Each structure stands twice: as C-alpha cells, then as structure tokens.
C-alpha cells in the first residue's frame, strides 16, 4: 500500500540560492497528486526532494521536513539509497538502459540493490512488474530483445515496470507523457489510475487536461518574479482546483491568462 508524505516548511537551496521556499503539503496515500504551475516555479524541484534525487546536484540542500509515514527522509541516519527504494522515480523521457534486454531492464533496480534472485523468482518478478505496467501481453514473447527497441509509450511503461519491481511505496513521475503521442499518453494515464490502488503517486505535468483527468488532488506552484523563489500557491482537491479555485493566481493560470 502507498504511504503518506508530509512536507513541512521546506526550503530548497542550490548553494546559497533559495530556489523554493516554505512548502507545506500533505500528500494522501493511494491517491494521485498533480503538481502544476508555470515554468521555473519549482514543481519538479520539489518532486525531486521527495526521494532526495536533487542531491545529485552539488550544493543542493533542504531545510524543513519531508516525512514518509512520519519518518523524516532527511534525518542524518537515513540512507538516500534506501529512500529511493521506497520512493521510485519515472522521468520525463523514457530511459531504458540501451544495452539491456526488456527482462534485464525490469530487474536492473533490484540487482542494483544487491538482491540476488533465483531464475524462477526473477522470471516471476519480471512478469509481475510488466503486468503491473500493462506491458506483459505486448512483450512476453520477446523479453530478451533490447528495451530500446520498444515504442516510446512502451519504453515509458517499461520504466514504470522497472520502478515498481523494487516494491516502492511511492511513485514520482516528472512529466512522464511529455515525449509521448496521444495514444501512448492515454495508455500511461490509464495505468496511473490503476497503480494508485497500490502506490501513492505524485506527478508533475504542464498538461492541465491531464491533471484534471487523473489527479485526486492538485498543487499549484508559482513564483512572484523571475529570480525569486518558487512557492506553493494553492492546494486543493482537483475538482475544486479546476471548477471553483479559491485562489486568483490559480484561476488565472488554469484559464490560460498566464504561464
């Protein structure tokens, strides 16, 4: 089952530069939460702090708390690698490992975490993860073919299978459909709706229609001016956000008057 995330007074820095300030948000388990907002407002930056992925950038650091079921992911005794096992990430562009087969792509995260599996267990895990990503029937007869040979939409679902194979509690998705055609986009959206019964899902999207279709809750990020830190402007259930937002800036953004 998915787990709850609570972000309390989060400030995100790159060196001395304050990129995002004072984010407070409660992300419900087994729901889809969408992050929307204009370019540069910090939504992807906040997303990457939820699994400490931003730390690959030298000088990046966080003030405040990011709690997963009450445990602060930034406590000194917390291993970032362990965080990324519990919180999976699917990136903007499909990124299957180009030298690996479909099968090996699914198992890559498991083996990276030094888990040795018997062949029968590995086969079962590959089938389970690919079924979970709605890809099994399309690839079951060519598991040893290169993952890079799949279509764009299939590659993205393969990346989702790779993410779920390590049994995370949360799935983060950074514009997962931006490089896909409309048919592949709908396939991924259908998959997201199915996955939320097992995972907490947070998705960054520039597509307002997509957020309205798939999200249970929506967070609108904004920035006051170029060079100023981004911030969480407004958070609401998605029906309220798109039909009756109680925030003028959110209403202007959703209606296309800026952004």
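Each Cβ is built from the backbone N, Cα and C atoms, and glycine gets one as well.
Taken from Swiss-Prot as is:
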DOMAIN    2-248  domain 'ABC transporter'
BINDING   37, 38, 39, 40, 41, 42, 43, 44  ATP binding site
Nonlocal neighbours by CB distance (under 8 Å) for residue 43 (ATP binding site), same chain, sequence gap 6 or more: 35, 36, 37, 204, 219, 221, 230
Sparsest Cβ surroundings (other CB atoms within 10 Å) among the binding-site residues 39, 44: 39
ATP site shell beyond 37, 38, 39, 40, 41, 42, 43, 44, criterion: Cβ within 8 Å of Cβ centroid: 45, 221, 222, 223, 230
Neighbouring C-beta atoms (10 Å sphere around the C-beta of residue 37 (ATP binding site)): 26
Most crowded position, judged by CB atoms within 10 A, among 38, 42 as binding-site residues: 42
Least buried by Cβ count (within 10 Å) of the binding-site residues 40, 41: 40
Per-region confidence, the domain 'ABC transporter' (2-248) (mean pLDDT, whole number): 94
DSSP three-state assignment (helix, strand or coil) for residue 38 (ATP binding site): coil
DSSP-derived structure type at residue 43 (ATP binding site), helix or strand or else coil: helix
